[in-house]
Structures are given as structure tokens and as C-alpha cells.
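Per Swiss-Prot, these features apply:
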{"type": "TOPO_DOM", "residues": "1-62", "note": "topological domain 'Cytoplasmic'"}
{"type": "TRANSMEM", "residues": "63-83", "note": "transmembrane segment"}
{"type": "TOPO_DOM", "residues": "84-95", "note": "topological domain 'Extracellular'"}
{"type": "TRANSMEM", "residues": "96-116", "note": "transmembrane segment"}
{"type": "TOPO_DOM", "residues": "117-145", "note": "topological domain 'Cytoplasmic'"}
{"type": "TRANSMEM", "residues": "146-166", "note": "transmembrane segment"}
{"type": "TOPO_DOM", "residues": "167-182", "note": "topological domain 'Extracellular'"}
{"type": "TRANSMEM", "residues": "183-203", "note": "transmembrane segment"}
{"type": "TOPO_DOM", "residues": "204-212", "note": "topological domain 'Cytoplasmic'"}
{"type": "TRANSMEM", "residues": "213-233", "note": "transmembrane segment"}
{"type": "TOPO_DOM", "residues": "234-241", "note": "topological domain 'Extracellular'"}
{"type": "TRANSMEM", "residues": "242-262", "note": "transmembrane segment"}
{"type": "TOPO_DOM", "residues": "263-281", "note": "topological domain 'Cytoplasmic'"}
{"type": "TRANSMEM", "residues": "282-301", "note": "transmembrane segment"}
{"type": "TOPO_DOM", "residues": "302-320", "note": "topological domain 'Extracellular'"}
{"type": "TRANSMEM", "residues": "321-341", "note": "transmembrane segment"}
{"type": "TOPO_DOM", "residues": "342-361", "note": "topological domain 'Cytoplasmic'"}
{"type": "TOPO_DOM", "residues": "383-402", "note": "topological domain 'Extracellular'"}
{"type": "TRANSMEM", "residues": "403-423", "note": "transmembrane segment"}
{"type": "TOPO_DOM", "residues": "424-437", "note": "topological domain 'Cytoplasmic'"}
{"type": "TRANSMEM", "residues": "438-458", "note": "transmembrane segment"}
{"type": "TRANSMEM", "residues": "460-480", "note": "transmembrane segment"}
{"type": "TOPO_DOM", "residues": "481-577", "note": "topological domain 'Cytoplasmic'"}
{"type": "TRANSMEM", "residues": "578-598", "note": "transmembrane segment"}
């Protein structure tokens, strides 16, 4: 079976030299007869080459080509929030605290939910794009859009009550009030950022990454100009920063959408809106909810850690803030590689190419380990100078210098977890990742960190030692799981996600018509030409690589399969989706009612 990887040279990565023999390559359950390193090859470091899978350098090149723009994309998203913080930081301590808390609240109660749910597309879109059924990618985009837009309503209910939630956690009343303003203004921006995330996933899982970077540049330019105009010129303060952020989110989403349409990047995977987007919400959510938990469990753990440091005093909180900012930027490097691994693994499994999927996973692990070693070395060289970038307070700088060696080891292990997270998303095993993260962070990491911080008296170092312990155990668990992973079963599940099993049933039914008793001479000619098959021979879905020839004479990419008759009727679908809409609206109305009843208290 031929496979197609958008923009990647598969043949070079998968080519084996005749008669290649030798010891098995280091890998995740790799076949010793297929994944071997030719020890007869020339070159230096023969001992090192024994650890590398065949085609490693080509695969590494493909991963870095993908992950480089994805890293820039993440940095640009991060800068969107930094710009607003910088502008409001010059207004005063209350304004700085308010915009910082506002961004954190919006991220935890809104953005993280959408980012997590949209991660289901990493599995479904990459696997569908790797299969002959590429049109199914468009159906997944439609389905994800509807589900994420519904999820906006419960998030809005939280935004409406931001002030009361913060006061429950004993935050400053003045800061809580301004944070409420920030969240309220950002309400219309949440659907924009959700759709932007989906469009980015839509392109990313086809191997298209530069439009996202370009949209991020445009969004940041608009954000900077808007912050200057609204915060510095019109003196709108925190509200101006919120307006600027909301505007930039709409600009980014609109720019990326127009780029897709005008550049016709959707032609291969989109054939219009379909009622299929109302189906299979269960399988989508079975991946989306674990994806969200896998991401949010880790995200929220660090936010809790920052909150705990605030209980110790300003010095520890400041030190935690500096380490956290460094960690956020450094994390984007393995995150980009993890995304690239997810795309490569998912696309390979969609094409039923388990060998390529394993090669991508192993190569991604080695690339991530190498980049993390480089980052760790740079941080070690900057050990005594890093704190001065953020502050001139000697006490805070000394604290940062104490914690930095722990973080250097931490980021290396975290990078391993990050790339295995990409493997889990590519194979559709997010539920396992969510369970491991929940156990390690909330049963091991945070409790151990709290004991070391408050009982033993290690303060901020205790927190990071607890985090290092949990991330190390998580990495070991992921490695053991990946080594035992059944790649053939993962490929079969990928065919289900891509809708190929339904399509095979259709093809068999339509192929049976092709084997029916031979029609009259005129009809026989039409049949053999229009269907692309000879009378008496049934077509298979792989009549041409990545292409489906329909039975009306239109060669085109494989369409999304029609639903079997045994599935829910349109009326049943509308009833169920209407019930989901009603439930989301009910949550929003409950939030609105709470806000009205508590106003003035």
C-alpha cells in the first residue's frame, strides 16, 4: 500500500540498503529485521550509530522542519499576553497584578479547556490525513468547531463570576474587581481563540505550519498597536489591555481563515458542511476529554505551585515567578517537537505504516533529548546571571541560583515526557497520559512538594524537588508503556478514526455492483470507463495512492463515508445535539443568575 505524507520525503526515511544486517536499533518495540543500523556504513562514531534507527537523520530533519515553526507559533502566542502585562505594568502594582491574574484566570478557566479539547484533533486529523480518506479531516474540523463553541458557554459562566471566585480565594478586592472587568471583556474573544486553535490544528496535522506563524506575527503587531492606543493613549488601563487582547484574537483567527481559503489549502480535505459533523461526538469526546485532562492537570499543578509560593512571602513568590517564566519559554522547545512527533506518528498510523510511526517516535525522543541537553548546558552557563535579567534584588537572585540546578535536571526529564505525550496523542492513548499525570502530579508531586516546602522547611526548593520526583516517575512510566505498545493495534484503531472501515463497507457494496451480470454492450463500455474497473473486477479503496475513484466517473480524494443505516437518524441526532446545546445554555444561565443574585455582596 502506498502512503502519502504531506511535504515529507518518506522514501528516503524508509529506504533500506540491500542485505543490511546487524544489531537491533534502539527503539520502541522495533522489529530487529527491519529497524537496524547498517554497521558496514562509513562514517564516524560507529558505536553511536548503533543506537540510531535507520533513516534517523532524514526523520530528524523532518521533525525539526515541523517543530521549528511550531516553536515560533507557541512563542508568538505567549507574547500576546506578555505585551499586555508590560503595558499595564507601568500603570501601577494593582493594574499589573490585575492583568496578570486576569490572564491566568482566562487561561485556566477558558483557554486551557479549549486547547485541551482541540488536542483530540491531533489524533483524529493526523490519522485521517495519513489515510486515503482525507476528506474526513474536514468533517473532524466541523465536529470540533461545534463542540468547542458549545464549551464556550460554561466557560462564560465562570467568567461572569470571576470576582466572586477570586474573593473566595481571598484575593485583594481591588485586584479582583479589575480582573472581573478583564474576564468580562474577553468573553467574545474566547470563541475566536477556540476556532483559531482548531484552524491551527487543521493545518498543523497536514504538515502545514508557516501560516500559523504568519498569523501570530500579524496578531502580535495588532496587539501591540492596540495596547499602545487603548492603554497608553486613551488611558483605559486593564480594560484597554483586555480589549486589545480580544481584538488580536479575532484578527488572528480571521487572518488564518482567509489564508486557508485564499490559498486553497482546504481543497484536499474539505468538501463542504456535512451532517456527519453531528455524528460520532462520543468518540471525539472520548479523546478530547482525556486530552484536556492530560494538558490541564499539568498546567493547573504549576499554577497551584505558584499559589503555594505566595503563602511563603514575596521573595519566594518572586523566585517562583522567574523560574516559571523561564520554564514556560524552555517548555516550548520540546512542545514543538512533541507536536511534530504527534503529526508524524498519527499520519503514519493512518497510512498503516507502523514502521514509520515507530521510527518517528524514537527519532523524536532522541532529538528532544539532544535539544534539552543543549538548553540545560546554556542554563548552567547562565546560572549566576539569569536572575539579573528579571530583577536586581540580590535575595531573589540568590534564591533563583539555588533552584536553577534542580530545574535544569527537571527540564530534561520533562522534555522526555513531552515527546511521549506527542506519541500518546498520535496513537490515541491520551486517557493513559491523563491518568499518569493526575497520579504523578496530585498524589506524588504536589503532596511531596508541600511536605518538603512547609514541613521540612526547604521552601521553593522543596516544591521543585517534589515536581522533579513526579516528572521522573511519569517519564519512566511513559517509556515502559511505549515499549510495550501494540503498534499494529494502534494502526487498526487509526483506520477506525479515519472512517476507513465504514468506507470499506461502502466500497464492497459498490464493488459488488461492478461484479454484477454484464450489462448490454453500450452500458458495459460506460461501466468500465466510468468506474475505472473492468467488468467482473471489484475496485478497492487503494486504486490510487490517497485517491478514491467514485462510481460516477469523478476521480477525487476519498469522501467522508456516509453513515450506516443502523446509526442514529437525523431526527435523533438533532434531538441529542439540541439537548447538548440546552445543557450548555442552562449552565450559562445559572452563572448569570448567580452573578445577578450576588451583585452588591
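Even glycines carry a Cβ here, placed using N, Cα and C.
Counting residues 6+ beyond its ends, the transmembrane segment (578-598) has Cβ neighbours under 8 Å at 150-151, 153-154, 156-158, 160-161, 164, 281 in the same chain. Under the criterion of 3 or more C-beta pairs below 8 Å, with sequence separation of 6 or more, the transmembrane segment (183-203) and the transmembrane segment (438-458) do not qualify as touching, having fewer than 3 such pairs. The stretch from 63-83, 96-116, 321-341, 438-458, 460-480 with the most CB pairs below 8 A to the transmembrane segment (213-233) is 63-83. Between the transmembrane segment (321-341) and the listed ranges 242-262, 403-423, 438-458, 460-480, the one holding the most Cβ pairs under 8 Å is 403-423.
Through the fold, the transmembrane segment (96-116) approaches residues 81, 84-85, 88-89, 148, 151-152, 155, 158-159, 162, 165-166, 171-172, 174-176, 178-179, 182-183, 186, 190, 193-194, 197, 238, 241-242, 288, 291-296, 299-300, 303 of its own chain, all at least 6 residues removed from its boundaries and within a Cβ separation under 8 Å. Counting only same-chain residues 6+ beyond the ends of the transmembrane segment (63-83), those with a CB under 8 A from a CB of the stretch are 103, 107, 200, 204, 207, 209-210, 212-213, 216-217, 219-220, 223-224, 227, 245, 248-249, 328-329, 332-333, 335-337, 339-341, 343-344, 360, 363-364, 367. Sequence-distant contacts of the topological domain 'Extracellular' (84-95) (same chain, at least 6 residues past either end, Cβ-Cβ under 8 Å): 103, 172, 174-175, 178, 223, 227-228, 231-232, 237-238, 241-242, 244-245.
Sequence-remote contacts of a segment are chain residues at least 6 beyond its ends whose Cβ falls under 8 Å from one of its Cβ atoms, and for the topological domain 'Cytoplasmic' (204-212) they are 5-8, 66, 69-70, 73, 121-122, 125-126, 129, 137, 256, 259-260, 263, 265, 268-269, 339, 343, 346-347.
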